[in-house]
Amino acid sequence: MSENKKTEKIVGVKGMNDILPADAPLWELFENTVHTVLKSYGFQQIRTPIVEPTALFARGLGEVTDIVEKEMYSFTDSMNGDELTLRPECTAGVVRAALEHNLTYDGPKRLWYAGPMFRHERPQRGRYRQFHQIGAEAIGFAGPDIDAELIMMCQRLWDDLGLKDVRLELNSIGNADERNRHRADLIAYFEKNEELLDAEAKKRLHSNPLRILDTKNPAMQDLVNAAPKLLDYLGDESRAHFEGVQKILRHNAIPFTINPRLVRGMDYYNRTVFEWVTDQLGSQGTVCGGGRYDPLIEMFGGKPTPACGFAMGVERLLELMKANGDALSPNQCDVYLVHQGEEAQLQASVVAERLRDAGLDVILHCASAAGIGSFKSQMKRADGSGAAYAIIIAEDEIAKGAAVVKELRSADAGGNQAEVPFEGIADYLVDQIVGHDHSHDEHVHYHH
Ligand code: ATP
Ligand code: MG
């Protein structure tokens with residue numbers, strides 16, 4: 001390796017994003033809101049590994065899905081030859097874990113997860129190679145009630161996040177028998193119109209014709225719109241289940257449209273499928289997808305267990321929040337501590353700790369490569385930090401045993417300041433901040 005090579009900058013992997021401090025507050029707000037909503041419906045968190053055996057996805061998602069065919073990050077563990085994959089989604093892992101630990105031994109379980117997923121797709125707006133999902137899996141529930149609950153939980157979340165332009169599309173894809181009867185007619189229909197199929201569709205014609213309905217090719221829209229509809233093949237039980245879901249949604253005034261072409265990508269779905277879609281994000285407009293997957297657990301070697309779930313794309317939802325003007329100001333803190341001189345620095349560290357004891361967020365000025373810096377440059381840092389107050393401790397203050405507490409964001413240009421004895425600073429600031437901010441009813445964080 002040449003000297004030059006060694007000092008070349010290494011950049012991150014294409015399609016895998018850094019989440020920078022400027023964006024972190026929005027992520028945090030989003031995640032906290034989701035967790036609160038999930039908890040309010042009794043869902044419990046589960047955390048599964050990012051790496052799973054490749055066979056889990058090959059078996060779980062189906063061999064002829066986009067994900068398994070071309071999007072998986074699979075590799076051989078060089079230590080022992082194991083075939084492994086970075087999870088492209090989390091349902092398979094959650095179901096594996098639920099089985100492995102017999103989580104449903106005492107009845108159905110409501111679970112949720114959050115974390116990065118990996119798919120080798122062409123990176124573009126709203127489509128990345130590492131992206132994040134938050135999802136819920138309700139394992140062991142058979143009725144339409146839980147399907148409706150999952151959907152209503154999403155609706156509550158959009159409401160809590162202030163998202164207005166997200167609409168619900170709903171369909172039922174029945175059971176395997178119903179799909180098989182439909183499939184035979186669908187293949188016959190597409191064969192009759194083979195000259196209208198694109199290459200992708202021709203490839204899927206016999207392996208997974210249902211997926212052709214999902215095509216984004218504009219030239220094929222008329223063809224798929226006129227194709228036999230799965231809904232017309234549903235038997236009594238599937239129809240009653242689907243009507244049950246709709247009835248609950250109507251009772252709760254959740255608007256939806258039935259989209260007979262909605263099929264979802266994975267093989268393991270049956271009956272209810274749904275997507276939440278927005279027009280604000282261009283062609284990557286699906287922010288959340290879900291449905292029932294009654295056959296999956298048996299496919300994984302468990303005893304037949306009905307289940308239903310969804311996964312939402314965090315990046316797409318954050319983009320939607322930003323489009324709604326929801327950019328948050330960078331992390332603010334309460335206090336920035338400025339000091340000059342050795343003794344002042346020691347005193348400052350003690351004051352900072354006392355303020356933190358009192359629940360305040362405090363940045364203590366520390367030396368950079370250029371040293372501790374002048375008073376002026378420290379004050380500039382204090383301003384840039386977003387802190388509401390600067391505390392200044394220099395020789396004079398040490399002599400007096402009191403610091404200068406300066407309001408950094410006050411309306412009057414000069415900024416109010418006061419001299420406060422070291423021991424009294426915490427009380428003084430808590431008074432000030434709580435006094436200024438009547439909306440505050442918690443006492444842990446004193447800033448917005
Ligand atoms: P799409 O049709 O957009 O490829 P999908 O059907 O492959 O989506 P799911 O597997 O259902 O997506 O995943 C659920 C959600 O995760 C999607 O609705 C989307 O919001 C998000 N998502 C999926 N793939 C990506 C990706 N590569 N980058 C960012 N978000 C994604
Ligand atoms: Mg996809």
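Here the Cβ of each residue, glycine as well, is placed from N, Cα and C on the backbone.
Unlike curated records, TrEMBL annotations are generated automatically.
According to TrEMBL, the protein has these features:
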DOMAIN    1-330  domain 'Aminoacyl-transfer RNA synthetases class-II family profile'
BINDING   Glu89, Cys90, Thr91, Arg119, Gln133, Glu137, Arg264, Tyr268, Tyr269  L-histidine binding site
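Cβ contacts within 10 Å of Thr91 (L-histidine binding site), excluding its own Cβ and spanning all protein chains shown: 25. Most Cβ neighbours within 10 Å among the binding-site residues Glu89, Arg264, Tyr269: this distinction goes to Tyr269. Take Glu89, Cys90, Thr91, Arg119, Gln133, Glu137, Arg264, Tyr268, Tyr269, the residues named in the record as contacts for L-histidine: the widest Cα to Cα gap among them comes to 21 Å. Just so you know, the Cβ of Gln133 (L-histidine binding site) picks up 22 other Cβ atoms within 10 Å once every protein chain is counted.
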